[in-house]
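What follows is a single structure, written as structure tokens, with notes after it.
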Amino acid sequence: MNSLSSKHFYLIYKLIFEVLKYALISFVIILILFPIYFLIVQASLNNSEALSNNVFLAPKDSLWTNIKEVMDQLFLNGFKNSMLSVLLINFLRISLYSLASLGLVKVSKFSKKVFYLLFIFVSLTPEISLYMGYKILLYKSNILESNVIFPLIINQIFSFFLLMYLYKILSSVPQNKIKLMTIDNLNMFQRFVYVYLKYLKMPYFLIIIFSSIQAWNDFLWPTYILTSSSEQTISIWFQFSGSRDASANFYNLKAAASFIALIIPLCTYLIFSPFVNKQISKSF
């Protein structure tokens, strides 16, 4: 009898635990998704609804109209600069990190320790404290006046995490393969293609994902260097969408622009995050 009561108690306890677990998960999901839902609601309002004092909790039918309206020449300029920045930072990071990682594999332990200390020092330096120096350098070299793409990503070139991750993968290449490519007298390009590339595909994939999202979302640095410029990025463009004049600020248009700026990195994260997290957990 006592055994039966204990079993019933355990089943009730397990049922309550499962209900509370799924209730907590549902609450967290709602908490995370509600700001996005509210943004969509605001972006779906027409101009008269946006200027009214009413509170709307359900989406209206003006979302696509507002999206079309904010996708103007300023959007095209910001989209172009952001996309070119994404391409450039990916090219630079993959190229520079590959060369740096190959160099670290070959140097002595003492040299590695010196590089580690230097990397840690640079990574611990607050990024915003470097902005003034970057801007002075760009103005003195006239780079900012001729082209904005490289200046937009100069603050993102160094990433201690991605560099060390790439180096760790290169260090894990089996010694027998390294000896074989030495015996076969392969040149540098052949070594890279036939030996290293197999191990570098996942690190390159991670670099592309993280670098793309970072370059797309970067806000403080572009705002700092493009204050007096007609050039924009996506992160700057959406702030001014809907501000037609001093008397009218259509936050529904601003919300539509914010939705456009958000949807690309969000979709990228949702699609690739399970795969990325799985690969990272395998590597460490």
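Any Cβ shown, glycine's included, is placed from N, Cα and C.
What TrEMBL records for 103-270 is domain 'ABC transmembrane type-1'.
The transmembrane segment feature in TrEMBL is assigned to 20-40 (among others). Sequence-distant neighbours of the transmembrane segment (20-40) (same chain, 6+ residues past either end, Cβ-Cβ under 8 Å): 59, 63, 255, 258-259, 262, 266.
The transmembrane segment annotation in TrEMBL covers 83-102 (among others). Sequence-distant neighbours of the transmembrane segment (83-102) (same chain, 6+ residues past either end, Cβ-Cβ under 8 Å): 149-150, 152-153, 156-157, 159, 162-163, 166-167, 169-170, 196, 200, 204, 207-208, 211-212, 214-216, 218, 233.
The transmembrane segment annotation in TrEMBL covers 114-137 (among others).
Residues or ranges marked as transmembrane segment in TrEMBL: 149-170 (among others). Using a Cβ-Cβ cut-off under 8 Å and counting only residues 6 or more beyond its ends in the same chain, the transmembrane segment (149-170) has close neighbours at 81, 84-85, 88-89, 92-93, 96-98, 100-102, 104-105, 119-120, 122-123, 127, 130-131, 134, 138, 143, 196, 199-200, 202-203, 206-207, 210-211, 214-215, 218, 221-222, 225, 233, 283.
As annotated by TrEMBL, transmembrane segment applies to 191-213 (among others). Packing against the transmembrane segment (191-213) from elsewhere in the chain are residues 86, 89-90, 93-94, 97-98, 102, 156, 159, 162, 165-166, 169-170, 172-173, 177-178, 181, 265, 268-269, 272, 276, 279-280, 283: each is 6 or more residues past its ends and has a CB under 8 Å from a CB in it.
Non-local neighbours of the transmembrane segment (255-276) in the same chain are 36, 39-40, 42-43, 63, 66-67, 69-71, 75, 205-206, 209, 212-213, 216-217, 234-235, 237-238, 241-242; each lies 6+ residues outside the stretch with a CB under 8 Å from one of its CB atoms. The transmembrane segment annotation in TrEMBL covers 255-276 (among others).
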